[in-house]
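Comments concern the structure below.
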Amino acid sequence: MVSRGTFVFAVLVALPILSLPVSGYEQNYTAGRRSTMSLGRGYGWSSGGATWYGGPQGDGSEGGACGYQSAVGQRPFSSMIAAGGPSLFKNGKGCGSCYQIKCTGNRACSGRPVTVVITDSCPGGVCLNEAAHFDMSGTAFGAMANRGMGDRLRSAGVLKIQYKRVPCRFAMNVAFKVDAGSNPYYLAILVQYANGDGDLAAVHIMEARGGGGWKAMQQSWGATWRLNSNTGKPLSPPFSIRLTSGSGKVLVANNVIPSGWQAGLTYRSTVNYAA
């Protein structure tokens, strides 16, 4: 295992996910810039490097820089995650993006690709040795091995790998976790499980029944976005959320955060991007 600096965040107690009867829609047009990273359709593999961190059968770190916390060890992530070097993490804008990775240069490598999600940052050390570096969970790293050879592959520590960007397919709808520090004048949300691009270029919010139109949220850190009331008055729920993916696709979850919302709870929408 290759050690590296880790981000330390407060790990919150897991709270229930609430399903709400909300509606939404997706618009498949490009808003602003188009992502320069291919989604893997019709493009070949690129060369990079891989290491692993955390326990041999673990999920890397539950204090990761994207903010997903203990969710990384649960479905749909299922510990198949990686901390991305700077070109992959992109100051948090790469959180939630999906990649296939395979290794062939070690006798323990199966040559079969595994799919991982970027959930953390690897900002220095070995993660700067290649243009793209994945510091994978022990589970994901071992999954590249031939049957029964996971420990042997992990003992190599550092691998040359091939990777490509692929669409995310989370098999559930987008969810929004309200940050524990939110209050009537400040709302911060963690965006999870966006299909397709996986990453987000922008997040907008609309207060109760269209009041004030769409307002741009600011990226707080990782996959968390925030809005402060600048009127001196409390923000007015229910809140609709509009997501713009890295390639410009727009998805709207109407009234997804209800009146009476509570900090620390997760609210699941009824919408997601096409995978």
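Each residue, glycine too, has its Cβ placed from N, Cα and C.
Disulfide pairing as given by Swiss-Prot: among Cys98, Cys103, Cys109 connects to Cys103.
Sorting the disulfide-bonded residues Cys95, Cys98, Cys103 by the number of other Cβ atoms within 10 Å puts Cys95 first.
Nearest in space to Cys168 (disulfide bond), taking C-alpha to C-alpha distance over the disulfide-bonded residues Cys66, Cys95, Cys103, Cys109, is Cys95.
Each of the disulfide-bonded residues Cys66, Cys109, Cys168 was scored by the number of other CB atoms within 10 Å of its CB, and the largest score is that of Cys66.
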